[in-house]
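Heads up: the structure comes next, in structure tokens.
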Amino acid sequence: MSIMLLILLQLLVLVSCAPRCDPGFRGQCKPTVEEKPKCTDVMLSYCDDMPYTQNMFPNILNHKTREDAEGSAEYLLLSVVEALLGGECNPDVRMLGCSVMAPRCETEKVLKPCRTTCEAVRKRCSHVFDGIEMAWPYFLDCDRFFVSDEEGCYDPLEGLRAEQNEEEVDGMETPPEYRDDMIKFNHHTNAQMISILKKTEEKCEDIARTYSIGSSTEGTELLVIEFSRNPGEHELLEPEMKYVGNMHGNEVLGRELLILLAQHMCSEYLLGNERIQTIINTTRIHILPCMNPDGHDLAVSGLQDNNYSEDDEEGPRYDFSNVGRNNAQNIDLNRNFPDLTSIAYSRRRQRRYRTDHIPIPDSYWFGKVAPETYAVMKWIRSIPFVLSANFHGGDLVVSYPYDLSKHPLQRNMLSPTPDAKVFKLLARTYANAHESMSTSSARCGSSHGVSEKGTVNGAQWSSIAGSMQDFNYLHTNCFEVTVELGCEKFPAEDELFNGWHENFEALLTFMEAAHRGIKGIVKDEDGNAVKGAQISVRGIRHDVTTAENGDYWRLLTPGVHIVTASAPGYAKAIKKVHLPGHMHTAGRVDFLLKKAELEPDNQKEEDSIPPMGSYDRFDPYNQYERYTLMADVTQNRPESAKKPWWWSYFILPEGPEPTWLLKHH
């Protein structure tokens, strides 16, 4: 035992006397050196087609090893992104992600991808992520993980571009072919609708443009797609027309038809369809597929609840037919516009009463004005629209103004406008081009007893105040009709093709109707355009006014018309116009106005007419600021507990939830 203790003591002495590793004394020890990362072969299977063969770990996202990267939610997204996005933006998004997850390595250094490439892909593909309600991936942040050309970057899509260039060279002798194979006859969510419109804009960027006119109560964008030879510009003498759908959220066929129409016009224009090309090259067309996105969401939820209650034989039955009709504030948008019709009726006994450009009374702004109504009113006032149709459901008929009965005690009285002949012509134009609307056997709903060959006066059918079509006519130059597309407000998906087939010709024919009547330019003796000049037609107490560049459009029926152009400080100019019945393009009628002093007698007559200066008095109490604040509050609401359909796929057993995938987290 004593021998063993002696041996242990000797060992302790030896250890204590051994030289220690002290960095202060050179040569006593060698410090531990961490091995530097080296270039290794690319082993991530979804990144094996990158234009380089070596990468480095830890990568830019700080995944220490290839195994760490393969087990991450980021790599999982890259592996399914093609299927998730329906084949769109593939392989661009995947290769962009690989440039971050498997960074290019040369001579033991990491090369970063170019920011310009990232920005181009994001501009082209962000709407696809919006379509599935997914945020743009954080690791594709162009400012954070990508660098400028001056910093020595590389293009991660260079191999892809080389393949595309080869395909272009091989196919130079044959013209490009475009098809409608991406058009699908199904219902679309608001996000999907916006995605399709933006994709259509991208496909037809020379003739199409999307723009927002505002937001709904819940903050959803009211997106318009425009078709024109020069998108974004008003061209001299080119008429502007608009289509508005889904004003009532539960009436969805119009919404889907307008989404289909936008895609079809883009594809057919590229294919060389002469009729579509003529329409777009001579007309500026604005399409708002959905005016009430919040109501649409409620309608979809109500439909699902209704289907559930029908499956449950013992469960309660509810009437969901009107769920989603109103907006999120429970406002019926087609009763929310200023009631200018009552003002027009009150002026009828005046000697020179007018039914055009009636100012919005200040009292209107003390009521509850929906943000959707506000946005559309500003839109209508900002563009010189000539023609319009808004689409509803629940009947099969075209309704024309007035919507409000001229007698307060008789709610179903024929109440025509001064332009009754023009409105009847416009209504018949759509009804006759529709596959069955003008036939008596096709009519349905409450209009059946009063309609005539698929057309009806709105007040005679069902008197309402504050409608959009009355506002268009009485406040602007625009003539609008209301198209009821069928008795089924929310048709099944398998009925959408039939709805498209029945309305397709009518949609195009009505666009062409914007070229009926006359058009021209009003100038003074010096050749300057006269803005705001009044164009009057004898026998019709409704004038139109010239636009910014002095041009005007006046829808008229065939026949002989006496037309007058006038403006303050100028003498009137009068012309006699003959429009043949077979004429389907607007006749050119220009006016030259000469300077003249305003006669005292005329001044007295004009005193009974409200000054046009009051017409510019829009939103005097700054409601817009209130709506902007409302939208900000809406966007800052707590995240809903309901997650997108794809969310559970990205929840990994070990690791944090990938909340960076959520748009509103």
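Cβ coordinates are placed from backbone N, Cα and C, and glycine is handled just like the others.
Note that this is a predicted model, so its numbers are computed, not measured.
What TrEMBL says about this one:
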- GLU484: active site, proton donor/acceptor (ACT_SITE)
- CYS118-CYS142: disulfide bond (DISULFID)
- 34-156: domain 'FZ' (DOMAIN)
- 186-514: domain 'Peptidase M14' (DOMAIN)
- 1-17: signal peptide (SIGNAL)
For this session: Sort out for me which one of CYS118, CYS142 has the most neighbouring CB atoms within 10 A, since those are the disulfide-bonded residues we care about.
Result: CYS118
Problem set entry | Secondary structure content of the domain 'FZ' (34-156), with strand meaning DSSP E or B | 57 helix, 15 strand, 51 coil
Problem set entry | CYS142 (disulfide bond) to the residue listed as 'active site, proton donor/acceptor' - Cα separation in whole Å | 47
Problem set entry | Integer Å distance between the CA atoms belonging to GLU484 (active site, proton donor/acceptor) and CYS118 (disulfide bond) | 46
Exercise. Other than its own, how many Cβ atoms are within 10 Å of the Cβ belonging to GLU484 (active site, proton donor/acceptor)?
Worked result: 27
Exercise. Any idea what the model's mean pLDDT is for the domain 'FZ' (34-156)?
Worked result: 88
